[in-house]
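The block underneath contains the structure these notes are about, expressed in structure tokens.
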Amino acid sequence: MAGQGDTEVRIILVGKTGNGKSATANTILGRRQFDSKICANAVTKTCQRAYREWKGKNLVVVDTPGLFDTKETMKTTCFEISRCVLYSCPGPHAIILVLRLDRYTEEEQKTVALIKGLFGEAALKYMIILFTHKEDLEDQSLDNFVSDAGEKLNNIISQCGKRYLAFNNKAALDEQENQVQQLIELTEKMVAQNGGSYFSDKIYKDIDSRLNHCLEELKETYAQQLTSEIERIEKEYAAKLEKGKAAQIVFAQRNHDEKLRNLKEKAEETVFMYIFQKIKEILSKLWDELW
């Protein structure tokens with residue numbers, strides 16, 4: 001999208017409910033942004049986005065709910081995937097599959113299959129496996145843990161280019177920051193191996209184009225509204241004393257500035273249903289196979 005520089009790093013967190021996606025997001029953000037609790041019901045019910053300025057980079061972290069919760073309908077799942085695509089536009093630098101060290105299920109395989117089904121095999125070139133509960137390794141190295149893991153888990157790791165790391169989301173702040181450093185370095189290395197650019201495909205390019213078009217239309221509309229409002233104020237005060245005119249113009253300008261601050265969100269709202277329909281078309285073909 002317009003206005004986004006090379007310093008932005010967009011990260012999507014995916015995985016099974018309870019694997020620690022929100023806790024991992026909070027570690028990356030350096031603050032408690034998302035609720036993260038050990039409970040029977042998922043804390044994250046909808047796709048969420050948050051930002052952090054970190055060592056000259058603008059991190060965009062997208063936290064997602066468990067997409068394979070059996071109670072969810074296809075409509076709800078389409079909505080969440082659509083939000084994920086919208087929040088990570090024009091494309092993610094990293095898709096992080098969050099796993100627990102002590103728990104690997106069929107849902108992780110389905111998540112990878114879903115990503116391939118939606119975005120193609122090329123998306124796997126941007127995937128990283130992130131294990132939570134690093135503290136449970138104790139004296140064992142992560143490499144040894146992976147080498148001793150079962151065939152299914154190693155198959156997933158291989159599909160993701162054998163890119164993996166582990167987080168202890170309860171660690172002291174300095175250790176958490178070291179983990180973030182490790183993740184960003186792994187992401188940058190992966191992006192460099194992929195030609196130096198973030199992941200993009202037909203869906204992302206289409207949506208980014210529509211968002212940019214919508215942004216320009218909104219800017220033009222808001223500028224016209226401001227001009228019309230100032231002209232109205234000028235006419236109203238033409239036959240009156242100047243007192244109050246300046247305040248009216250300042251108010252109109254502030255209203256215009258507020259609209260510009262919310263420009264991105266307004267554009268996203270405008271194109272959301274288009275994204276939803278595109279995702280629904282693809283997901284309807286995968287639904288019976290994966291759910």
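Positions of Cβ are set from backbone N, Cα and C atoms, glycine also.
Looking at the stretches 42-46, 172-176, 207-211, the one that Swiss-Prot records under the feature region 'G2' is 42-46. Between the listed ranges 32-35, 108-111, 132-135, Swiss-Prot ties the annotation region 'G4' to 132-135. Annotation: ALA23 carries the greatest number of neighbouring Cβ atoms among the binding-site residues ALA23, HIS133 [cut-off 10 Å, Cβ to Cβ]. In the three-state DSSP scheme, HIS133 (GTP binding site) is classed as coil. When Cβ neighbours within 10 Å are tallied across all protein chains shown, the highest count among the binding-site residues THR17, ASN19 belongs to ASN19.
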